[in-house]
Each structure stands twice: as structure tokens, then as C-alpha cells.
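Trainee: Mind having a look at this structure? Questions to follow.
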There are 2 protein chains.
Amino acid sequence: MSDRHTLPISEVKHLTLDKPLPLDCGEQLDGVRIAYECWGELNAEKSNAILICHALTGDQFAASANLVTGRPPWWSRMIGPGLPIDTDRFHVIATNVLGGCMGTTGPASDAPDGKPWGTRFPVITISDMVRAQIAFIDTLGIDTLFSVIGGSMGGMQVLDWAVQVPERVFTAIPIATAARHSAQNIAFYEVGRQSIMADPDWCDGQYLAQDKRPSRGLAIARMAAHITYVSEEALKRKFDRGLQDREQTSFSFDADFQVESYLRYQGHSFVDRFDANSYLYVTRAMDYYDLAARHDGRLADAFVDTPVRFCLFSFSSDWHYPPSTTREITRALAAAGAEVSYLEIETDNGHDAFFLEEPLFEDALAGFLKVNAGKRGI
Amino acid sequence: MSDRHTLPISEVKHLTLDKPLPLDCGEQLDGVRIAYECWGELNAEKSNAILICHALTGDQFAASANLVTGRPPWWSRMIGPGLPIDTDRFHVIATNVLGGCMGTTGPASDAPDGKPWGTRFPVITISDMVRAQIAFIDTLGIDTLFSVIGGSMGGMQVLDWAVQVPERVFTAIPIATAARHSAQNIAFYEVGRQSIMADPDWCDGQYLAQDKRPSRGLAIARMAAHITYVSEEALKRKFDRGLQDREQTSFSFDADFQVESYLRYQGHSFVDRFDANSYLYVTRAMDYYDLAARHDGRLADAFVDTPVRFCLFSFSSDWHYPPSTTREITRALAAAGAEVSYLEIETDNGHDAFFLEEPLFEDALAGFLKVNAGKRGI
């Protein structure tokens, strides 16, 4: 960890919404804080802004190091000068989602009574997250975003932007995502939630007030989810049945296999940077997401006459949100008469491919942005 | 539960091996108890015996109700008079595996010091389980088994019988199994083990002595594993995004979705009938299984000149042990010159298909047994 690993979460760059935020559950939240980062200059017309929406365990530190944890930025291969999301041309903004734990209001924030919300925090939806982002963009005085881009849960937010305020989105790039969680998606996240809630240190959601952390439960949740982010082929390629620092199996419950050691590391390193209640809320928001259900089951109806230009990506070995789910969205967009392109990238990198080296994906995304920047005169 | 739910585990039908059992780890176990059940008459030549090998969470109560839990038999659709494994023709035996928890010696049994073994029990392998079964069959005075049949982990035992004592196995029927655990298989079971060991009530494996049970950890382990036993298509067909006893989502962490309710039930009902340490040992045995590794990586070499007649089955939507793994075994058998047939059943029932209604599977298995019974003069 670097010496930048010093900033308390309360001091990350943020902005407080001046109006109450209405939520899908019927409640509203006052004084919502939105933590954000940005890179590149906003032009005079305010027409070159791109919003990056992060995935379940992501944050606003997409293109610069995390000031709280010291971790490197999660999308530095995509965002920067001369990179596909080119900060010489675009003003790139990333916010931490509502319900998150990197400075935006969430279950780890203080409630009006001065104590942490914990599970008293209202259950939120993907649309609530986007509603908060819209209010944030309003506050910046930006009318239309040149693009909204995100992978996985970020892609759900992209879709929701295009549905909630289509006239304010010039282009939209949903990556490796779904318009609804399948039963299997829900099942995996339910295992994670049950694992957190089964940890005695969860304290019925009030662990912060008791200075405890359900770290064991959260680590298990992360391990279970992480398996779904990696393809079976990649696990075989990377680990197969390779042993960890030993010549033969130990006849014990140690991490004999490299894949065990890798998974345990994924679990244990996660608990230092993520709030367990946030994990409950954000996975719940994903499980609740069902864009078609809001339109009598017809996904195309969500996009009728949309002016948004879409470019969708999926990855062949992604079994978390398989290509079939993105094809379904693409078909619905086409049926709604939208301008849409879709690229399925052949790779064994699984769901996490969009974080990794995927030249075809990077080139196509860069090209789509460049062509549309021309149309927009940027 | 029926009134049969009264027998203490110590009183189920069992037999004690008169010789010490050598284990792959180098240790040996004295006085191993093997719990078993059998159905149908053993003929005078002792040539009509079939051994049923159970899966991870199975037991010896394949064809009659579990005398301890009162649960119905797990393979009653396959074993019985006139059924595919016909008890009018065959003497069918099922044992509880070594390391199990339904009466056979395992971590819940008493060690020589009179206290429960707990995690002092030696780590065992699939070959150790089969070694115990061979000693058991010896005790019954049976020289050659007409068939060894099992699904999933049971299939690994079937393969190991054919490798350890090929001359004592007339036919072998491995179903929905693998000759080695993949990195993904290991990963899923590692999540389960970590979940059990993270439960404070696991007490470093000595929970029985402290009259505790790591039920929460075991339930999570079962939930995570259960997802891999069901195909995504079947989850969609059965549950999709259906809500459980409600008209709309509750904006809470209750089991809103049917699939959540189903999974929670799978987890909670499991802890009453299974020992958490057994879960650790038996999953570890599966992870360690790698038949090719014992033959310099060449699976075919495990079966050279085998006299065993094989019939293998896999199920198209099984992603736990996908058809590709059974095809690999079939190829190896063919390369070794074995007599082998293989049937891949089209179904959306996933890994658990062999417990469910699969007429093609049942008919083919019945036919294979009947034809070979003819050859054997049974």
C-alpha cells in the first residue's frame, strides 16, 4: 500500500445533493452525498462529459489510485490520454453508487440520528442509483452526457440512464450486463447474503455501532461470487490442479491447490475494502433489476423511439451474464428501432474480461466513441 | 418425518472390519465400521451382487427409508422388484462411505480415546473409501461383484473399483462423474469448507465434544454446492424470477424470490442430517481425486487390458461434471481397449438428473444390466 492510503472515506471528493432523493421503495433520502472523481477538461459547451458506472465491488477511482485504500485504479487501461476513453478529448466522471461504501451515502453512512444506518438504510434499486447520478449531473450543470459507460452492474445503470432520461444520453455502452437477474444470478448472491448474515459479527446489521465486522461471512460471499466472474477455461489455464508451494497434497484442509489459495486471497483482501452491508444492498439492487417487468414484460417497450446510440459488448466465456443476455437486449433495442451495434468478444477471460487485456474490445469501444464524437463536434 | 425417525446412528445395520484399513495418507484405521443396507437375495453362487456407491451427501438408504432421519430412499425409482436395478434378480448392497456420517466410521465417530475424532480423523481419499468397501465385500464372502454403480462421487468410486480390483468387477456403471476434479470443482467445495470452518460453532473441528454444531456454515456450504447441481435452464423453468408468497418485492432481505426460499430450504434441511466435518472430509477426498495423475497423467493407462464392461452416462445440462469429463473417460477406456458404451442424455435436469425421472437413462441402464446378466447366467 502506498502512503496515499491515508484519506478517511469521509474526506474523499464529494458533493451533497440539495434536494431529497425519492426512492423506488417509497421513502426518500435527504442530504445524499455523492463521492466522485473526474479526469480531463469539461469543454465550454459541456458536451464532452462521459459518466463511468462501476460494478458491484468497484468505486469512483476508475482512472486514478484509490485515495482511501491505495489500490491502483480499476480501469486505467481504458481511461487516460490517448486511451480508448480519451481524457484529452473527454471529461470523464465516475461516482460511487448510492448504497456503496467509498464515500457516497450508503448503509455505512450516518443516519440522521448520528448513528450508522446499518440495515435501517432503505433498500435501494438500480434506478435509485441512477436517479442519484442524474441529480449529481444536474448539480454539475451538465445537460447531456456524451456517453454513459459501464460493465456488469455498471451496464445495468447504463441501460437505466437510457430508459430514465434518453434525451440526456448521446451514446450508451453497456458491457457484459443483463436487463434482469436470472434465477441463478439471484441464487449466487443469496448465498453471499446468507453468508454475511450468518456471521455472528454481523450483529443484525448493526456491527459498526458495536465496532465489529462480519469479515468471515463477507469473505465467503466474495469467494462464491468470484467463481462466477472467472471462466472454467481460465481457471484451468491459470491453475488447473496445480499445487501451492508444495510437491504433494498435504492430507489436510490447508490450501493445497493454487485455486484454493487464490480464492482465499480474493476473499480476505476484499474485507478490508468493502462494507458487508453495502454488499447486501448492492446485490439486492441487482437482484431486483428487471427492466422488462416495468414494461409489461416487453423489453423493447423500454426503449421505444430512443434517440440514444447504443454499443453493446459481451464476452464469449462470461457465464455470469452470458452473451445470450446481451443478445436479448440487442434484439429488444433493434425491435424498438434504436441505433445499436453489438460485439461479442471471443475470450476465455470470463465475466471479468472487461477489466483485462482485450484488444478487440478496446479498439471497438475507442472507435465507437471517436465516430460519435465527430457527429457531436467534439 | 415418520415414526421410523427413531434409530440412533450407532444402531444402524453395520459390520466391523477385522483387519486394519491402510490409508493413502500413510496411517491406518483399526476397527472400521461399515454401515450398510441390502435388498434382494444373494444367489448360491454369490454372482448376482451389485454395489451401489452413493454421492457426497447420500447414504446407504438407497432403496429403503432412512432409519435415522425418516427420509425416503434416494434411489427408489431405480432399485426394487422389476425396476432397472431389479431386486428380483440382483442382490443389491449399499454402504455408507468411509468418512461419512450415517454409521460408517468417520470424523463424527469415536476415536480410540473414546472422544469424537473431529478433525483428528485422518484425511481420506476416494481410494480409501473403495478399499473399505472391498474389505467389506470380502467379509460378506463375495468374490466378484456383478456390478458397481454410482453417480457423482459414487461414479468416482465405481472407477476406482475398476482400477483397484478389475478382476472382481463384472460391469461398472459410472454416472455423471469425473476422473479428476477441475479447478472450478475444487473452488466451489473450498467455498463450502471455508464457510464451515469460519463458523465459530465449528470450534476448530471439535464441536461435538462441546455440544455445538456449525449449522450456519454448513447450510451456506450446501447452498453454494446445490447451485452447481441444478442447471440454469431448470432454475429458470422452476423459478425464473417468481416471487414467494407475495405480490411484489418487499424491499428487504427476506426471501422475496422463490429461488431464494428454495435455496434456504436446501441449506437448512441439510444440517439436520449431515455432519459438518464429514462434509469437509468427503469434499476433500473428491478434490484429491485424480485417476490420471496416478498413471503419469495418462488416464488410459489406469485401465489397460481391463476385463470390466463399462457403461457410462452423462447429462447434457450437467455443469458440475459436464459431459466432456465423461467423454474423456470414455475415450481413455476405448484407448485402453475396454468394452465400453456411453450415453449422453439430453435433459435440463443438470447434475442431479440421475435422481430424477429420466426414462432414457433408466431404460438404458436396465438394458445394460439385463444383457450382461444373461452373459453371466443370472
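Including glycine, each Cβ sits where the backbone N, Cα and C put it.
Features from TrEMBL:
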type: ACT_SITE; residues: B:Ser152; note: active site, nucleophile
type: ACT_SITE; residues: B:Asp318; note: active site
type: ACT_SITE; residues: B:His351; note: active site
type: BINDING; residues: B:Arg222, B:Asp352; note: substrate binding site
type: DOMAIN; residues: B:48-356; note: domain 'AB hydrolase-1'
Trainee: Can you tell me whether DSSP puts B:Asp352 (substrate binding site) in helix, strand or coil?
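Mentor: In three-state terms, B:Asp352 (substrate binding site) counts as helix.
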Trainee: Starting from the Cα of B:His351 (active site), work out which of the recorded positions (B:Ser152, B:Arg222, B:Asp318) are within 10 Å.
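Mentor: Those near B:His351 (active site) - Cα within 10 Å - are B:Ser152, B:Asp318, in sequence order.
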Trainee: From the Cα of B:Ser152 (active site, nucleophile) across to the Cα of B:Arg222 (substrate binding site), what is the distance in angstrom?
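Mentor: Approximately 16 Å lies between the Cα of B:Arg222 (substrate binding site) and that of B:Ser152 (active site, nucleophile).
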Trainee: May I ask which residues of the same chain, at least 6 positions away in sequence, place their Cβ under 8 angstroms from the Cβ of B:Asp352 (substrate binding site)?
Mentor: B:Tyr229, B:Val230
Trainee: Counting across all protein chains shown, how many other Cβ atoms sit within 10 Å of the Cβ of B:Arg222 (substrate binding site)?
Mentor: 24
Trainee: Find the average pLDDT over the domain 'AB hydrolase-1' (B:48-356) in the predicted model and report it.
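Mentor: That region's mean pLDDT is 97.
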Trainee: Tally every other Cβ atom lying within 10 Å of the Cβ atom of B:His351 (active site).
Mentor: 24
Trainee: Applying a 10 Å Cβ distance cut-off over all chains shown, what neighbour count does B:Asp318 (active site) have?
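Mentor: Cβ-Cβ neighbours of B:Asp318 (active site) within 10 Å number 28.
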Trainee: How far is it from B:Ser152 (active site, nucleophile) to B:Asp318 (active site), counting Cα to Cα, in Å?
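Mentor: The Cα atom of B:Ser152 (active site, nucleophile) is 11 Å away from the Cα atom of B:Asp318 (active site).
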